[in-house]
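Engineer: Just passing along the structure, written as structure tokens.
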């Protein structure tokens, strides 16, 4: 493919995104010829399209002893374009039974989402050869149509962000030819030839042998991946329609919906909903645990199926996803209206609570004292108010609580409570604005 042909293909990919002026286009730089080609094509595109924002990101997870030198080389090449760049070292936590490569990939994508705007388009250099290898890896894992679809040319990402792979139909040979013609600088990572790594084994041992025997084999793989993607899209559309008709509101998925269908349909419905909630899909075994346990679950059974980064629970005839949070913030006295709770979000309180020598404390501890709500008859324990509000048991201890002069006055999700502050003067919470709790998602729940 001629270099102008590659550029035309790149432009067609971006035009299909229906970009808006000011939207951010981000080149993800890994250092190889493919990502350097993406950057060069993007910079050519910038010359004719200055109405967008442009950014190049390289994250060094230090897996290779020469990675720091490589980063310096890549950064110098990127800055020669005069584009805004972000070059950072990246700490990669590796969990049990997780490969180093998978951990690095997850950490990179997570950090790039943090560094980009909500509607950004992240441009990736993955190509035809990568797509064929991905198909084989999914086949090895026993994947269905969704997995065998491999990588999409354009796909949703975090928030309103999207991933775009303009070179997905282009061979590695054509990319190298372009990079050489443009005299680009790139890194040859020697670990790419380590056939102990699954993808490298496929790249150097398996795919060349198959294409030597059947020259059109690669094209057939790409066609199968495309057909799987189309089949999956049709199935998802039908399942989403079925879910929509059954839901009373967006976060609710009644278990009665599962009882109306076969086991295969139950699994498909669960997969589609989890995907729509932006959770990673569970394994087949985990999905079966969810499906089977849900059929006999009760509020007292404390059902909990652990998945990757979340767990599935049962409450009030529905399944819920819990984000598997860490330690709660420590109780603290408040001297300012705005409080940063780290991974739990932010809390803004009315200034009136911080005047008149009031002692205002933030806590997550549930009191056994009975509380009254303005305009409501009777007094109840806080746990009973939370239960009445339909808040699942595992979330009841995760609600920020404001304690004024030793008395609970506000609970996130429940609102104001009333009490006597000084002698017989009633605390008039109805005249105070509601505190603003913006959750970062660490405490949040979603219903299946």
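Note: Cβ is positioned from N, Cα and C throughout, glycine not excepted.
From Swiss-Prot, here are the annotated features:
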BINDING   30, 31, 32, 33, 34, 35  ATP binding site
Engineer: Starting from the Cβ centroid of 30, 31, 32, 33, 34, 35, which together make up the recorded ATP site, report each further residue of the same chain whose Cβ lies within 8 Å of that point, ordered by sequence.
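Structural biologist: Apart from 30, 31, 32, 33, 34, 35, the close residues are 29, 36, 37, 125, 186, 187.
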Engineer: Inside 10 Å of the Cβ of residue 33 (ATP binding site), count up the other Cβ atoms and send me the figure.
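Structural biologist: I count 22 other Cβ atoms within 10 Å of it.
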Engineer: Including all protein chains displayed, how many Cβ atoms other than that of residue 30 (ATP binding site) lie within 10 Å of its Cβ?
Structural biologist: 20
